[in-house]
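**Q** Before I ask anything, let me first share the structure, which is written out below as structure tokens.
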Amino acid sequence: MSEPGKSLLSSPTSSGGQPVGSDTYKGWLYKWTNYLKGYQRRWFVLSNGLLSYYRTQAEMAHTCRGTISLTTAHIEVGDACHLVLTSGGRSYHLKATSDGESQRWVSALQQAKANASHMMHQSDDSGDEAPVPQPDRALTQGALKTLASKLDDLSTCNELIGKHGAALQRSLSELEDLRTATDGTDKLKTVNERATLFRITSNAMINACRDFLDVAETHSRRWQRALQYEREQRHHLEETIEQLAKQHNSLERAWREAPSTHPDGGERTQEGDASDENEDTEFFDAMEDSPAFITVTASDHTQHRSVRDSGSNNVQLRRVRRSRIPNKPNYSLNLWSIMKNCIGKELSKIPMPVNFNEPLSMLQRLTEDLEYSDLLDRASRCESSLEQMCLVAAFSVSSYSTTIHRTAKPFNPLLGETYELDRLDDFGYRSICEQVSHHPPAAAHHVTSQRGWTLWQEITIDSKFRGKYISVMPLGCIHLQFHSSGNHYVWGKVTSTVHNIIVGKLWIDQSGDIEIVNHRTKDTCHLKFVPYSYFSRDLSRKVTGVVADSEGTAHHIMSGTWDDKMESAKIVESSRGCGGSEGKQKTLYQTLQPKVLWKKYTLPENSENMHFFSSLALTLNEPEEGVAPTDSRLRPDQRLMEEGLWDEANAHKQRLEERQRLERRKREAQATQVLEEGEEDIEGFQPLWFERRTDDSTGESTYVYRGGYWEAKDKQDWSQCPEIF
């Protein structure tokens, strides 16, 4: 986040016209609060070795926002009018507006620190108590009683001063009104008596004040040392808790990974004699009402990577795309410090610095679903709709493989923001996305492939922060249609959950069910993403499923993990088995040897320092000529973050978000005006490249591509595009 510029005002002034080196010094400084609010103006008071700060001068009477003991503080002078105070394990970043003001504050602080240290040494030499872990309770109560007694004395003296002062004033008034010398002698005697009483009472008041001050100063040093000790103990306790949390997270992660190497985790055995079966067949059992727990294992675990366009050997790329981006800076920031006040809120409405983002927008993350588009190329060549369904199911799972290490959130697109990806030359498709709504955030996506398929989707992100974890629930449907057969597949997405928001290392899990339906043949595939559990012996990140025809007859079993691979096994025979747990009946499936449909690509070298981006993700934000002025590649905060300039990125992010808020208010004001004028036709924001239609197969209203983008790109006519950056 950028820091305030030269317009800041600061006027440190000494109290009562005292010089800088005096005990009391007051004035305005700017204190760093957090990445959301940056530097904030605070009123600082330096007195008796303590630097206290308040939001306003009026707060001095009732609320102190913090106190820094200079006795053990370290004062560090930075450049550009900065100074840093470190005390009790905590650092305070302060800022003046000129070198002169900064130097005056530094001089005052150093002088106060020297005086406080000198007073401490004197106290120690005079036999004062050493710091004790827990001050004696009786001693503290005795001191408080003494102070209360002195306050009562002060109150009594105050009443007497008021009483005798008033009497003295009346006597003086009567003396002025006298006319004879005889009366004057008597009145003068009375005035002298009352003046003596006033003087005695005033002296008593002064002595009571002196006693109160002596008692307060005597116990103040002891309490300051006790407070400093408690602060250090608290800081030590926080570090210990954080260390324990890290150890707990490491143990949990080690336990979670252990079952994957267990001898029982790789294969399920079945009871019974199978000697009369073909040696290439295997058996799997399934509960009738929940076939998704079926596990399939392959005997051949060879490395497999699909080759795009395997039928052509003469494909040449027009350009060499980048294979790396600048390394991610090592900026530490506590996520809990920002999220603790946002429990229960929608994630898209929480303003957060770029430290928690990755340098891609949500539109680019949607486009990243095409990482394994070769599965759809293969599916378009399938003659069997059931085998085609298996490949579509593998594609639906593959889109989650890039999320295993990607716990950072993508940038929320601005309303009207777009993203195109033209890969006709190498992968045979081109894609266009547009942000069609901001609250709730919704994006429309359309992909056309020269290899026989079209994909479109409208996804609305519903996200909630639950305290210890964040849930991201994509709402909407993904449509896929193959040109030759007309098969139209529709499915949704599962819930993504980011754990360990408070302490420990962030990790992500996918859970829920996906129901894929072929609306032409009525074939279905039910996939189950098994959530992580402490007590489960199943493989982590497990996915299971069954492909069935329109009659509900199972033909293929799907199994694998969403971060590694998916396999399918053809069912050759099924039979009703004996009752399973909880009285549920099982079905025994006899299948052929499973085959690998999809295998995750290996991440590029040094990916851990490049946000764990895949090969495709590294190219998504690569600058490209001729794109629309609303394209995510041109977003300045995202570009600056990718280049490692996070402070500048935060400044641009705030500017863009504020501009978007102003635009929304303008639209709301226009809508209100239209309503007041009695007009019924209120036209809100209209996307440029997508329009809302009713889908013939599902009957649902969704945004679909209206056309015109690629024609506008060919002509380089972007006159319709709004200026959003």
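Note: Cβ is positioned from N, Cα and C throughout, glycine not excepted.
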**Q** Given the ranges 116-136, 305-325, which one is assigned the annotation region 'Disordered' in TrEMBL?
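**A** That would be 116-136, per the region 'Disordered' entry in TrEMBL.
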**Q** If you look at how TrEMBL annotates this chain, which of 227-254, 563-590, 619-646 comes out as coiled coil?
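**A** TrEMBL lists coiled coil for residues 227-254.
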**Q** Per DSSP, what is the helix/strand/coil residue tally across the domain 'PH' (22-114)?
**A** 21 helix, 45 strand, 27 coil
**Q** Could you give the mean pLDDT over the domain 'PH' (22-114), rounded to a whole number?
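**A** That stretch averages a pLDDT of 83.
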